Amino acid sequence: MLQQVNGHSSGSDAHGGESLREDLQEFLGGEAPLHQLDDLTKVNPVTLETVLRCLQARYTADTFYTNAGCTLVALNPFKPIPQLYSPELMQEYHAAPQPQKLKPHIFTVGEQTYRSVKSLIEPVNQSVVVSGESGAGKTWTSRCLMKFYAVVAASPTSWENHKIAERIEQRILNSNPVMEAFGNACTLRNNNSSRFGKFIQLQLNRQLMGSSLLVPRAQQMTGAAVQTYLLEKTRVACQASSERNFHIFYQICKGASADERLQWHLPEGAAFSWLPNPERTLEEDCFEVTREAMLLLGIDAPTQNNIFQALAGLLHLGNTRFADSEDEAQPCPLMDGAECSVRTSASLLRLPEDPLLETLRIRTIRAGRRQQVFRKPCSRAECDTRRDCLAKLVYARLFDWLVSVINSSICADPDSWTTFIGLLDVYGFESFPTNSLEQLCINYANEKLQQHFVAHYLRAQQEEYTAEGLEWSTVSYQDNQTCLDLIEGSPISICSLINEECRLNRPSSAAQLQTRIESSLAGSPCLGHSKLSREPSFIVVHYAGSVRYHTAGLVEKNKDPIPPELTRLLQQSQDPLLKVLFPADPEEKSQEEPSGQSRAPVLTVVSKFKASLEQLLQVLHSTTPHYIRCIKPNSQGRAQMFHQEEVLSQLEACGLVETIHISAAGFPIRVSHRNFLERYELLRRLCPGAAASPHGPPPDEGRSASREALGS
């Protein structure tokens, strides 16, 4: 008698055991059969090693998508593969009777969500959570999914409807290059790293061909809405070594015409302090693509000119340097050449030059019962801080305005759509040589999304099997609740301690904050110790690895203070765009450093981010989620390079092996009892003795009929 082990014969004689071991070794070591396994639940045995080798074999064979139960694993190819995302391939997956039987692809996920959201029985809003480390390919994956939905979610019934649908789809797609130009940047890990999070709600209508037959018509995308989270605005004025500013600054410097260079004061070869590494040329530096997309979104040429002129003004503002003042009672003098930078920046932002310089160098204080006004010259460090704050304020307002323009261009009337597909593209887990509040918030968001996955699938699936009374051996998995308790828990957590430091009316000490965190949260297993660090810091053991956060400047970033003098200065601008971004409010009450008794509660960056994150998770919990795990094969961004250690750490962090175990041992198809009866009621007539009831069977009879129908 012969047995088959992965396609190889094995005798059942005395040498059967040895032959089986040889076949098993060949299975584990040979890449030829491994690259053919398009679902990791077919790997046997399921271990980190076998999953890793399977993914490596498929990557070597230029196969970048692999199913892993409820999750699609997407390996970043780091090279263009147009045929893998062609409109013809989109239509193939869309038209397939069973797209899940085709090769794994992000289009499979796209088609599954599209068919689920237009289900006649129980249409439920869908969401796609695209996760992974920075540089794993999340932005590209989200972009391709949007193109897929734009192609398949269009069913015009007339020429007029066709033109409307075409315009909506084009505007939705055009939002991508604009948001990437203004919100993405080149980092150590990724040439096109999203420095903000976004949730895109693709809005679909729900029309029926007939009132009695209830035959569905392919749903049409009627609009979309974009929600953004935590733009890393500090990048405007501060870039880490070997990193770049936002793409748009490089686009205008490299793509402006000769006349525009004169108008925006951007001569060839000009050096700007806030424009590091300008010699690097990236695919994302295409200015014309951004301009064309803005035009199609309804941002006309004069408005675009205002935007680019303001951005050029920020670059010149960055060249404004101050020297130490020899007399503390006198403002800090400008360094050589800085006078020209101030003059040019004021001209481009259409601000009065003297008030601009005065606002940067002199602080206004109100004190006493009569709120007397005192003017105090700023130190050199304070001048730099106020200059940077001015740039960050302008850029953040500009980014929010762009998002509002995009939403007004693509958002549908609430009465014109009934269901949606949500697409979440959030920043990936980050760990740099220096990590501050931005990385803490980013990694906090990743912890929350990992918990959502754990709660929705790893925990919920097993609890469902137990509740149903099925025979089930619980699969252990890594639960990151302990880490979340450390970051956001009550009553004491890292977030609460940082916020408390913001509320206290005292200078913040980096060393003191480190001591408070380590002493107050010493019992948490997810809090590491930084004994070897020369600078005050603390370590958080995240699900994806340990990260050291420096406490210097962390509290100030959390306060995100905006001197009211800066806002009033910008309200004096004669630029049409800045007038929109900073409207004058005659009824605005003075907020200049109120006394301690009347101090309003500080709405910190952490508090606002936490609230928006909770709101996002509420939306995700109200949908049926689908998961795409993007994996980065190497840190160099090179094609055909697969670093096992790097991939292994990502597989461990996201709990992929546990997911495969549960998917392989579990029940892939589940239908609620009510939906089962609605779908298969007609089959009851085929059962002998079954009486058809216009009102439907009683519960017990229905369950029996369901089992009979399944059996037949």
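Cβ coordinates come from backbone N, Cα and C, glycine included.
For the ranges 84-106, 314-336, 613-635, the feature annotated in TrEMBL as region 'Actin-binding' maps to 613-635.
As annotated in TrEMBL, region 'Disordered' covers the listed stretch 691-712 rather than the other ranges in 581-602, 691-712. Under 8 Å from some Cβ of the region 'Actin-binding' (613-635) lie the Cβ atoms of residues 55, 59, 68, 70-76, 78, 106, 109, 112-113, 116, 124-133, 135-138, 141, 189, 199, 227, 229, 422, 424, 428, 444-445, 448, 452-453, 456-457, 641-643, 646-647, 650-651, 654, 656, all in the same chain and six or more residues away from its ends. There are 26 other Cβ atoms within 10 Å of the Cβ belonging to Lys138 (ATP binding site). All chains included, 24 other C-beta atoms sit within 10 angstroms of the C-beta of Ala136 (ATP binding site). Close to the recorded ATP site, the chain also has Asn76, Asn190, Gly428, Cys630, Lys632: residues not among Gly132, Glu133, Ser134, Gly135, Ala136, Gly137, Lys138, Thr139 whose Cβ is within 8 Å of the site's Cβ mean position. Counting residue by residue with DSSP, the region 'Actin-binding' (613-635) contains 9 helix, 8 strand, 6 coil. Considering only the binding-site residues Gly132, Ser134, Thr139, the Cβ with the fewest other Cβ atoms within 10 Å is that of Ser134. Residues near Gly137 (ATP binding site) in space but far in sequence (CB under 8 A, at least 6 apart, same chain), listed by position: Ala74, Asn76, Cys630, Lys632.
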